[in-house]
Number of protein chains: 2
Amino acid sequence: MSKKNAFYAQSGGVTAVINASACGVIEAAREHSDKIGHVYAGRNGILGALHEELIDVNEESVETIAALRHTPSGAFGSCRYKLKSLEENRAEYERLIEVFKAHDIGYFFYNGGGDSADTCLKVSQLSETMGYPIQAIHIPKTVDNDLPHTDNCPGFGSVAKYVAVSTMEAALDVASMCATSTKVFILEVMGRHAGWIAAAGALAQQEEGDAPHIILFPEVAFDKDKFLKKVQDTVDEKGYCVIVASEGAQYADGTFLADAGTTDAFGHKQLGGVAPTLANMIKAELGLKYHWALADYLQRAARHIASATDVSQAYAVGRAAVEKALEGKNAIMPCIVRDQGPEYGWSIGEAPLSEVANVEKMMPKEYISEDGFGITEAGRDYLLPLIQGEDYPPFKNGVPQYAKLKKVLVDKKLEDGFKG
Amino acid sequence: MSKKNAFYAQSGGVTAVINASACGVIEAAREHSDKIGHVYAGRNGILGALHEELIDVNEESVETIAALRHTPSGAFGSCRYKLKSLEENRAEYERLIEVFKAHDIGYFFYNGGGDSADTCLKVSQLSETMGYPIQAIHIPKTVDNDLPHTDNCPGFGSVAKYVAVSTMEAALDVASMCATSTKVFILEVMGRHAGWIAAAGALAQQEEGDAPHIILFPEVAFDKDKFLKKVQDTVDEKGYCVIVASEGAQYADGTFLADAGTTDAFGHKQLGGVAPTLANMIKAELGLKYHWALADYLQRAARHIASATDVSQAYAVGRAAVEKALEGKNAIMPCIVRDQGPEYGWSIGEAPLSEVANVEKMMPKEYISEDGFGITEAGRDYLLPLIQGEDYPPFKNGVPQYAKLKKVLVDKKLEDGFKG
């Protein structure tokens, strides 16, 4: 069997550690240069394959590839591009395989969430029926922590650490000023469907009663009266109240709070967001002075405060993808397996893509406290190990020194462009 | 002369390093226990003095005081309470001096911005005329960097570093996704009157053309057409555009953008903020997909990414306050003096409070680039040294381990409470 090339692509929203997975893939592939030829990376994710825009990773130095480990976001470019179903657009999948064939690619490493696991699986299946079999390995990545079979998802631990640290720091700010100023602080975090990221805010608590005092999860129907009472009670008792709100917080009927706030009584579109909606509610009903922050991209790009555990795991699943491919595995996802027992430890396992694709793992009910505003001990036991350890990037001129790639494109071999 | 006690209070909005100044004051005072008796701290700033709520700093261990150096926000409590003018409320000042007299306080260390410098000066003057002279030393503190006579203000360098790092990281996120997703990212930062904090965003730039591509300062009148053209041109050229906007950005007539966005055509109040206002404008006029973040308290509380230079300077002005008091100085502020010459270096000088109180130092025009959307080399030369060095706090359980004070109150000695 001749030596095949590998294709690596980043998919969907990026994270602080997805490049650590890229680093793992590339370093492992380079160690096995007797079995793997070139590593190509998709320029802007899977679009790079469709458009035959392949970045020649061989042009990047050992130092640059090592620096990917501490560089946030998608260094090769990612994209929000969901391939249609096989029935709807078989040509798209055929195009992928055509490009892979033209560049002698035998390994497809796709680094993403649930949608990309599905694409990965289909590429593997269709390539088989087209007589050009490709080993397709999915590398897990998502800040949403919603992939099944893996104990947690690379990318989540670092967002969780950012949210815990930011909540703790902002809470100290509010506490110190609350006698004469702001009484309520709201931090809006990501998580449209699952409350994992909001739950991580609870890791700011060192003792019972510490901030955050209220967490709003998408999984718990928002009850305005109960919420406002809890805010007032907390302010009465502590002097201030800190809230971590998931962007997906919603009423019992499924209406998002963010949407609820975006239209006024006359039907005019207003600027939305959960935090300003809650702030407005608190001001109108309780008359309390508030402040709010919207972390947005800052949270998933915050490599400067990444979890060392997360970085190690992201790197490990990247390496494992290559090693498993070389063992002949196909249509699988390396995943993180938590050790049994009281001490936290982990190893790399694997899951078949047929069981990963399009399955969302929600936060277990038993992780949410009875009043719906916090997490349980079980939730804390699950979350706490994921934010352990600091893994600071090197700094230069006062700011992190992140990798800059050359991104040299490989010459095209196909005459026709992609007609997507 | 008998040994006098000292009173320390924190004033106004807190910073990531104001407690480093407290640490400097307390450690220096303890080294001079032959000359300074107890150190008392105001519970919630100057209110603690007015209400005779004095925290006995002697009750805090050496370790706790040392930990203040890496703890953000006001550990003793701060407040937004501006003393009225002497003419309007002489009783307030007399009350302060009465409390100081009751607790044998001879040194008043007031850690704050322009307003507190003014209070500090008045206390010194009035105490003299009342026959109970107090040495009043003002310790500079403000994220706004707007105090005169000092080269920069403790607190600013850490916000600047946070804004530079966050801008750099979010820009990588946008860059990696811009082919198919968000084209414009806006980070809203503090600075109602002066654009120092927004200017710090420019320190994310490593090479010409790097993000942020647009900075909006309060000092430069907002020109909507020019702004939108710059956004579109940047997206056309780079594929994306990153904007750092000061909360104080305003039109030529002085209307704040944040206010401009808070009322719709029917006069209904809407939720404001500069970032959502700009985002709305970009969406409506250019049809570009946007994201925005509002850093709010996260920026001034972010001790985890503090500037080591800022921490050292905050500590040094605290120590210097005590040392200068022991030299017999009164009504002064220790300040930071930048060395002459190309290499950055600094020392501690002093300025008379009469020249500090109520004077705002604006950003020099020559620090803002000709097009009004960035900073000049002179601006960069001024700012860059202030964010140098990392000074990470210790971590435990994945989050920073910040000081927790006992805050034991001293017994009251005055029969009457404060009638403020």
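Cβ atoms here come from the backbone N, Cα and C positions, even for glycine.
Here the Cβ of B:D144 (active site, proton acceptor) has 26 other Cβ atoms within 10 Å, regardless of which shown protein chain they belong to. Residues annotated as active site, proton acceptor in TrEMBL: B:D144.
Of all the Cβ atoms in the protein chains shown, 24 others lie within 10 Å of the Cβ of B:G13 (diphosphate binding site). As annotated by TrEMBL, diphosphate binding site applies to B:G13.
Summarising the annotation, TrEMBL assigns substrate binding site to B:T142, B:V143, B:D144, B:M190, B:G191, B:R192, B:E247, B:Y297, B:L298, B:Q299, B:R300. Around B:E247 (substrate binding site), the same-chain residues at least 6 positions away in sequence with a Cβ under 8 Å from its Cβ are B:E188, B:V189, B:M190, B:G191, B:R192, B:A258, B:G273, B:V274. Secondary structure at B:E247 (substrate binding site), taken from DSSP and collapsed to helix, strand or coil, is coil.
What TrEMBL lists as domain 'Phosphofructokinase' is B:9-323.
Sequence-distant contacts (6 or more apart, same chain, Cβ under 8 Å) of B:D115 (site 'Important for catalytic activity and substrate specificity') comprise B:S11, B:G12, B:K82, B:N358. Under the heading site 'Important for catalytic activity and substrate specificity', TrEMBL lists B:D115.
Annotation comment: TrEMBL describes B:K141 as site 'Important for catalytic activity'. Under the three-state DSSP scheme, B:K141 (site 'Important for catalytic activity') falls in the coil class. Counting only same-chain residues six or more apart in sequence, the Cβ atoms lying under 8 angstroms from the Cβ of B:K141 (site 'Important for catalytic activity') belong to B:Q10, B:S11, B:G12, B:T15, B:I18, B:S21, B:N111, B:G112, B:G113, B:C153, B:P154, B:G155, B:A314.
It is 9 Å from the Cα atom of B:G13 (diphosphate binding site) to that of B:R300 (substrate binding site). When averaged over the domain 'Phosphofructokinase' (B:9-323), pLDDT in the model lands at 94. Checking the recorded positions B:G13, B:T142, B:D144, B:G191, B:E247 against chain A with a Cβ-Cβ cut-off of under 8 Å leaves B:G13. Around the Cβ of B:L298 (substrate binding site), the number of neighbouring Cβ atoms within 10 Å comes to 25. Counting in whole angstrom, B:R300 (substrate binding site) lies 10 from B:D144 (active site, proton acceptor) by their C-alpha atoms. B:R300 (substrate binding site): 29 other CB atoms within 10 A of its CB, across all protein chains. The local packing around B:G191 (substrate binding site), expressed as other Cβ atoms within 10 Å of its Cβ over all shown chains, amounts to 27. Each residue contributes its Cα atom, and for B:L298 (substrate binding site) and B:D144 (active site, proton acceptor) those atoms are 15 Å apart. Reduced to three states, the DSSP call for B:G191 (substrate binding site) is coil.
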